[in-house]
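Shown next, in structure tokens, is the structure this report addresses.
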Amino acid sequence: MVEQDPYEIVIKQLERAAQYMEISEEALEFLKRPQRIVEVTIPVEMDDGSVKVFTGFRVQHNWARGPTKGGIRWHPEETLSTVKALAAWMTWKTAVMDLPYGGGKGGIIVDPKKLSDREKERLARGYIRAIYDVISPYEDIPAPDVYTNPQIMAWMMDEYETISRRKTPAFGIITGKPLSIGGSLGRIEATARGASYTIREAAKVLGWDTLKGKTIAIQGYGNAGYYLAKIMSEDFGMKVVAVSDSKGGIYNPDGLNADEVLKWKNEHGSVKDFPGATNITNEELLELEVDVLAPAAIEEVITKKNADNIKAKIVAEVANGPVTPEADEILFEKGILQIPDFLCNAGGVTVSYFEWVQNITGYYWTIEEVRERLDKKMTKAFYDVYNIAKEKNIHMRDAAYVVAVQRVYQAMLDRGWVKH
């Protein structure tokens, strides 16, 4: 597990970015603090008639650029510090993508595996009743995150509508909803689809003519890992030579079929022992001789211990925080092009934004329109960051922070919240 306090990391990253730009002390001080922190108590009647009391949070880090946006996590070890850190990262993620949002995040300390569906519904509705006064389609828009899903979003939206006595625009109160009640096409593949566009552009700046025949290894075979394997092989002609999950990985130099591997994983509980492939460890996967490496599982997998052994030319951070700051330096020295997490995996929040736009306007797009608009957004964001990195000769992560912080700072200046 992560040993550093998550919010301390946020402050360090912000201070580091400030070295590469002109920003006033007072603005920096402002950005180090969330604008609103809400802690709520949620009593829930359990199926056996007893009442359990849960603690929930909603953090709105900064709303200079628009309503705050961010997921709701249900986790037994949820902490306020983690929620604060993730809310700040949403501020940077929405800013780097140039979405008209600020950053928010929510969480409930709960082990959802111990709840029945009816108990989950009561908890979801209770949470919305508790935070009702600080959310709205124009103030703070939640979404699914760890251990929450479209069904939970549907209950939450329904509760919000019941209290507010409003219909259609209330669809926009929450994103990541089922398609039947205002969800967007393309949302389920959005994180991987967005990452694929950044990998395509990274290959161009490295002078590759095509991705066809190039190799990729993907750590993690959840939603993002599976869709990335499918998209990179089927749409870009790449060879997916290795994938893994928490139990281990598989390698086949001739390439793996994404759908067949998923079927195997669903039937056997892991990708391991997939026919025609060699079993490898997660550690071995990271050090394979491949063109692109995509960590799409957990944080801090590339560290100062193994960074020197990374052989990929592009590291696409589909997971949050998969590379430690020390490892960043080593990869940069090695000339590896890193696509930082809050750029690489921003396809999810971007399609959430598209969902909100469709809800507010009442006009829904085809899957082709969603993908085309996502492509434009991801491509522009990639070059916004890459050009700063080149111009200042700094790491892509530092450049992404500079782009994001500069945009938030400008909004704060224009509002008169801070001075130059």
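The backbone N, Cα and C atoms fix where each Cβ goes, glycine too.
Annotation source Swiss-Prot lists active site at LYS105. Taken from Swiss-Prot, the feature NAD(+) binding site covers GLY220, TYR221, GLY222, ASN223, ALA224, GLY225, TYR226.
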Candidate with sparsest Cβ neighbourhood (10 Å radius) among GLY220, GLY222, GLY225, the listed binding-site residues: GLY222
Rounded Cα separation (Å) that holds between the residue listed as 'active site' and GLY220 (NAD(+) binding site): 24
Cβ-based neighbourhood (8 Å from the centroid) of the NAD(+) site, residues GLY220, TYR221, GLY222, ASN223, ALA224, GLY225, TYR226 excluded: ALA192, ILE218, TYR227, LEU228, ALA229, ALA296, ALA297
For the residue listed as 'active site', the number of other Cβ atoms found within 10 Å of its own Cβ: 29
In three-state DSSP terms, the structure that LYS105 (active site) belongs to: strand
Chain-internal residues near ALA224 (NAD(+) binding site), provided their CB is under 8 angstroms and they sit 6+ positions away: THR191, ALA192, ALA195, ALA296, VAL318, ALA319, ASN345
